[in-house]
Amino acid sequence: MAYPFQLGLQDATSPIMEELMNFHDHTLMIVFLISSLVLYIISLMLTTKLTHTSTMDAQEVETIWTILPAAILILIALPSLRILYMMDEINNPALTVKTMGHQWYWSYEYTDYEDLCFDSYMIPTNDLKPGELRLLEVDNRVVLPMELPIRMLISSEDVLHSWAVPSLGLKTDAIPGRLNQATVSSNRPGLFYGQCSEICGSNHSFMPIVLEMVPLKYFENWSASMI
């Protein structure tokens, strides 16, 4: 999860988030190299008193700086498209959970089970126990099995919302009348926090998301106790 004065991304917990972090580093390296080269050329031209006759009109140079940026953009676009297809692909999900956004809480329905559904509200600050996180704790966590592909069906009952869990690389819009889907998969157990990422009204900041990723056996015991 995030911590105060954090400069980097949250620790990756899913394969998608690992790919996104690698792509971020890949793109940042390209941007750094281009920026360094441009700044070096600008400083060189500003500090030297010599002027090359072909600096202002050189067909070869213009050809190079047309082809080179195109090649760089392709190097950025190809891994980006690959990740987009990975995020959209859902093959044989082990579990399907329907998520509905409301003003200002989330409701969840485990479609593979009968009568396994609940609402998830933020716990007010005055009701927090020692060690719990302000504005992030909920009364009902979403318990899911780890190391399995899980399909989330996301929509909204009223206005636009966005279901986002940064450490899992998830951010999917909840749109009234439309059903979006996302894949959830965690490499390790733990609690993973998120929030609504679309301004949805006065209490937009008060609809957190808490995923509890657990081993399959623990999930089976939990689901049996909830039915």
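Every residue gets a Cβ built from N, Cα and C, even glycine.
Feature annotation from Swiss-Prot assigns Cu cation A1 binding site to His161, Cys196, Cys200, Met207. Per Swiss-Prot, Cu cation A2 binding site is recorded for Cys196, Glu198, Cys200, His204, and the stated evidence type is similarity to another entry. Annotation comment: Swiss-Prot describes Glu198 as Mg(2+) binding site, evidence class similarity to another entry. For Tyr218, the entry in Swiss-Prot reads phosphotyrosine, with the evidence type similarity to another entry. The annotation topological domain 'Mitochondrial intermembrane' is assigned in Swiss-Prot to 1-14, 88-227. Taken from Swiss-Prot, the feature topological domain 'Mitochondrial matrix' covers 46-59, and the record attributes it to similarity to another entry. The transmembrane segment annotation in Swiss-Prot covers 15-45, 60-87.
Same-chain neighbours of the topological domain 'Mitochondrial intermembrane' (1-14): 20-21, 24, 136, 166-170, 184-188, 190-193, 213, counting only residues six or more beyond its ends whose CB sits under 8 Å from a CB of the stretch.
For the topological domain 'Mitochondrial intermembrane' (88-227), DSSP puts the residue distribution at 21 helix, 61 strand, 58 coil.
Residue pair Cys196 (Cu cation A1 binding site) / His204 (Cu cation A2 binding site) shows a Cα separation of 7 Å. Same-chain residues with CB within 8 A of the center of the His161, Cys196, Cys200, Met207 CB atoms, the Cu cation A1 site residues themselves not counted, are Gly101, Gln103, Trp104, Trp106, Ser162, Ala174, Gln195, Ser197, Glu198, Gly201, His204.
Each of Gly101, Trp104, Val159, Leu160, His161, Ser162, Ser197, Ile199, Gly201, Met207 belongs to the same chain as Cys196, Glu198, Cys200, His204, is absent from that list, and has a C-beta within 8 angstroms of the C-beta centroid marking the Cu cation A2 site.
Neighbour list (Glu198 (Cu cation A2 binding site), Cβ cut-off 8 Å, at least 6 residues apart, same chain): Leu160, His161, Ser162, Asp173, Ala174, His204. Sequence-distant contacts of the transmembrane segment (60-87) (same chain, at least 6 residues past either end, Cβ-Cβ under 8 Å): 15-16, 19-20, 22-23, 26-27, 30, 34, 54, 169, 182-183. Residue pair Tyr218 (phosphotyrosine) / Met207 (Cu cation A1 binding site) shows a Cα separation of 26 Å. For Tyr218 (phosphotyrosine), the Cβ neighbour count at a 10 Å cut-off comes to 15, with all displayed protein chains included. Residue counts for the topological domain 'Mitochondrial intermembrane' (1-14) under DSSP, split into helix (H, G, I), strand (E, B) and coil, are 0 helix, 0 strand, 14 coil. Cβ neighbours of Cys200 (Cu cation A1 binding site) (same chain, under 8 Å, six or more residues apart in sequence): Gly101, Gln103, Trp104, Val159, Leu160, His161, Met207.
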